[in-house]
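In what follows, a single structure is set out as structure tokens and then discussed.
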Amino acid sequence: MSDRLIIFDTTLRDGEQSPGASMTREEKIRIAKQLEKLRVDVIEAGFAASSNGDFESIKAIASVVKDSTVCSLARANDKDISRAGDALAPAERRRIHTFIATSPLHMQVKLRMSPDQVLEQAIRAVRFARQYTDDVEFSAEDGYRSELPFLAKVCEAVIKEGARTINIPDTVGYAVPSLYGDFIRQLRELTPNSDQAVWSVHCHNDLGMAVANSLAGVSIGGARQVECTINGLGERAGNCSLEEVVMAVKTRRDFFDLDVGIDTRQIVTASKLVSNITGFVVQPNKAIVGANAFAHASGIHQDGVLKARQTYEIMTAEDVGWSANKIVLGKLSGRNAFKQRLEALGIQLDSEQALNDAFQRFKDLADRKAEIFDEDIHALVSGEVAGEDPEQYRFIALSQRSETGERPTARVVYSVNGAEQTAESEGNGPVDATVKAIESVEQSGAELLLFSVNGITSGTTESQGEVTMRLQKAGRIVNGVGADPDIVVASAKAYLSALNKLRSKHEKVNPQV
Ligand code: KIV
Ligand code: ZN
């Protein structure tokens with residue numbers, strides 16, 4: 001008999017703790033909507049007490065998400081928990097996720113508390129959280145490095161207080177699969193009321209074993225919730241990757257014998273959205289969502305796949321949302337075809353005006369680029385999807401000159417709240433000249449942390465370049481993304497997009513600086 005594996009996504013909380021992966025409120029809402037489409041069971045929307053920005057994001061997500069449970073993290077104290085409870089108030093289904101460390105090292109050095117004090121605080125926290133919701137999750141931070149008898153005592157006590165989910169994180173990514181699986185199994189055996197809670201795993205990827213450890217927690221340990229993130233985003237080396245764990249359980253159903261509610265055809269869209277918003281590029285050979293994950297280069301493989309797909313493929317590209325029909329539109333495509341393609345890609349624009357604007361940009365692009373791929377369409381509408389802040393800065397035009405042996409120059413025309421502005425500068429290269437030109441007028445004083453360029457569609461120089469610029473100022477980190485067949489133009493767009501975010505009226509949602 002098969003039972004169910006709960007998928008708990010923490011891209012918006014643990015994922016955002018990845019240095020540089022900060023997101024605006026609107027970006028978090030977009031990702032949350034995509035996670036809902038992906039049909040994740042629980043969306044951890046943030047850490048309400050960490051900042052007003054995070055509080056507001058959780059509240060906004062709690063108001064729009066209907067099909068998934070919305071969750072906030074909270075330390076085991078009344079102030080954090082009541083912040084989480086208030087942020088989650090609009091949610092149809094809400095969960096408070098409270099945690100305290102239980103390993104000797106964390107208790108002694110970090111918390112400076114005795115085991116009895118930690119036990120008492122865990123009980124109080126769960127009791128208090130229950131005033132806001134019946135759905136309370138308790139996490140024993142650094143759980144895997146805790147002493148089993150003490151950990152079992154804490155788990156028994158919080159289950160008695162009504163915690164429905166017990167999560168045992170491998171906070172520092174120290175576990176190996178068979179040991180972690182055994183640890184969870186023994187812990188459940190030592191906890192007398194273990195059958196009254198769902199057991200959950202939360203693994204970090206410091207030794208590259210987060211997915212393997214999580215799966216061992218499920219198959220050996222009997223866990224029935226996995227905490228994971230899109231593209232494995234997360235602190236340091238990241239978290240367990242959602243797409244890998246889900247496809248492992250689905251593809252090897254013969255072994256795991258578990259149901260997962262995920263609509264796997266939404267995986268690639270979710271991956272691209274998270275990558276685009278955070279500026280964290282997905283490596284080409286990444287399982288499931290890497291550009292090469294389903295590419296067969298060798299002649300022997302291609303021949304085999306043509307004869308019978310199963311010779312070299314254990315799942316299909318379409319199952320995870322790679323579109324079979326790559327070339328979609330061109331110069332002669334009409335508004336209706338464009339609209340239909342947006343719908344097929346799961347992109348929702350919030351007004352006819354937004355659709356008309358996007359269609360105009362599509363036409364402009366089609367004038368310069370013969371074939372418009374799905375990736376181009378994603379780039380075309382990124383930043384234009386429902387609810388985005390109105391932009392202060394808009395790119396208008398650019399001219400630049402570079403010649404071997406001479407210092408390049410750039411002239412950028414853009415608008416600031418509708419008023420046209422022209423900026424000129426020279427620089428080390430055309431991109432440097434472009435950024436210096438904008439800065440000569442804007443004087444933002446922001447520090448550039450990252451400049452990266454990627455071809456949106458691989459294997460052709462006709463591809464649009466997608467540029468990410470990561471800026472930091474006064475404790476805020478933002479990512480601006482711009483796409484254009486001309487990478488210097490893409491760079492100008494990315495820089496202006498980052499300035500828009502730096503000057504956004506919303507308080508930043510960034511727990512990492
Ligand atoms: O890694 C960890 O221990 C965590 C907990 C707060 C759940 O993220
Ligand atoms: Zn974590």
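Cβ atoms here come from the backbone N, Cα and C positions, even for glycine.
Among the candidates Asp14, Asp41, Asp54, Asp376, the residue that TrEMBL names alongside His202, His204, Asn239 for the Mn(2+) site is Asp14. The sparsest Cβ neighbourhood within 10 Å, among the listed binding-site residues (His202, His204), is found at His204.
For Asp14 (Mn(2+) binding site), applying a Cβ distance below 8 Å and a minimum sequence separation of six or more within one chain yields Glu44, His202, Glu227, Thr229, Gly234, Glu235, Asn239.
Those residues of the chain, other than Asp14, His202, His204, Asn239, with a C-beta within 8 angstroms of the mean position of the Mn(2+) site C-beta atoms are Thr10, Pro169, Thr171, Cys203, Asn205, Ala210, Glu227, Cys228, Thr229, Gly234, Glu235, Gly238, Cys240. Averaged over the region 'Regulatory domain' (394-513), the predicted model has a pLDDT of 88. For Asn239 (Mn(2+) binding site), other Cβ atoms within 10 Å of its Cβ number 31.
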